[in-house]
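For reference, Swiss-Prot has these:
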BINDING   GLU69, GLU94, ASP121, ASP144  S-adenosyl-L-methionine binding site
ACT_SITE  ASP144  active site
BINDING   LYS148, ASP180, THR217, LYS218, PHE219, GLU220  substrate binding site
REGION    150-155  region 'Interaction with RNA'
Amino acid sequence: MINNVISPEFDENGRALRRVRSFVRRQGRLTNRQQQALDNLWPKIGVEYQAEKLELGALFGREAPVVLEIGFGMGASLVTMASQNPEKDFLGIEVHVPGVGACLASAEDENIGNLRVMCHDAIEVLENMIPDNRLEMVQLFFPDPWHKVRHNKRRIVQPPFAELIKSKLKVGGVFHMATDWQPYAEHMLEVMNGVDNYLNLSENGDYVPRPSSRPITKFELRGQRLGHGVWDIMFKRIK
C-alpha cells in the first residue's frame, strides 16, 4: 500500500499550490488486525491512486451498477451494503488508514467480493480516476461538518463538488448525503438547489426519510438515544 494520500498540486511555474481540503489527515494507531488486513488484503481489494481513468468493469471483473462511497469511516456500513447488494459493485474512499484496515478485515470476514477500497483524497480520485456518466450512486454519510464559521469553506459539499459528482453520475443516478448537524444539512440543501440538472427526491423539497438501503451505524444509534437528529438528502441527476 502506497501511503500517498495527499498529492501535491503545482502551478505552471512548478510552485506548490495550497489546496483547501475537507478532511484532516489522521494516521492513527493500527491494531494488529488492521495491520494484517492491510498487509494481506490490500493487494486484493485495495486500489492505488493513479492519474488515469479506471476501467470499472475490469476492476470488479464484471459489468454491474457501481456505488461510490466517500469517507466510509471504519467501513461497517459499506461492508453491510456490499453484502446485502451482491448485484452491485461498491468502491469506497477513506483517508483514515486504520479505517481502511478495519474495512478490509470486515470484508474478509463477510467474504465480500464486490468491494474495492482506496486511501486517497476523494476529489482527486473523482477528477482523475472515475469515468464520467458511470456511477449509479454516490454516498456521502456524516462528513466533517466543520462547525466553526471560519472553517465552513472546508466543507466538502460546495458547488464545484456538486458539479463534479453530477458529471460522474449516470443520468438517473443519485447523490445521497446524510449528516447529524442541521446547519450542514441546510448548507447541503442550499448548495444542491443551486446546481442545475439535479432533482431533490424529497416530496417536501428538503429531506427524505432514511432509506432502508442506508444501515444505521452505532454512532447514529447513540445519537438517537441522546435525541440527536439525522438528515438524509437525496438528489437525482436528471440531465
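Using the three backbone atoms N, Cα and C, a Cβ is placed for every residue, glycine included.
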Looking only at the region 'Interaction with RNA' (150-155), what are its DSSP counts of helix, strand and coil residues?
5 helix, 0 strand, 1 coil
List only the single closest residue to GLU69 (S-adenosyl-L-methionine binding site), chosen from the binding-site residues LYS148, THR217, LYS218, PHE219, GLU220 by CA-CA distance.
THR217
Rank the binding-site residues GLU69, ASP121, GLU220 by the number of other Cβ atoms within 10 Å of each Cβ and report the first-ranked residue.
GLU69
Which listed residue (GLU94, ASP144, ASP180) has most other Cβ within 10 Å, given these are binding-site residues:
GLU94
If you compare CA-to-CA distances from GLU220 (substrate binding site) to each of the binding-site residues GLU94, ASP121, ASP144, which comes out shortest?
ASP144
In whole Å, note down how far the CA of ASP121 (S-adenosyl-L-methionine binding site) lies from the CA of LYS148 (substrate binding site).
22
Within the predicted model, mean pLDDT of the region 'Interaction with RNA' (150-155):
83
Listed in sequence order, residues with CB under 8 A of PHE219 (substrate binding site) and six or more positions away:
PHE142
Near LYS218 (substrate binding site), which residues of its chain come within a Cβ-Cβ distance under 8 Å, counting only those 6 or more away in sequence?
ALA76
Could you tell me which three-state DSSP class PHE219 (substrate binding site) falls into?
helix
Candidate binding-site residues GLU94, ASP121, ASP144, pick with smallest Cα gap to ASP180 (substrate binding site):
ASP144
When you measure from the Cβ of THR217 (substrate binding site), how many other Cβ atoms are you left with inside 10 Å?
18
How many Å lie between the Cα of THR217 (substrate binding site) and the Cα of GLU94 (S-adenosyl-L-methionine binding site)?
17
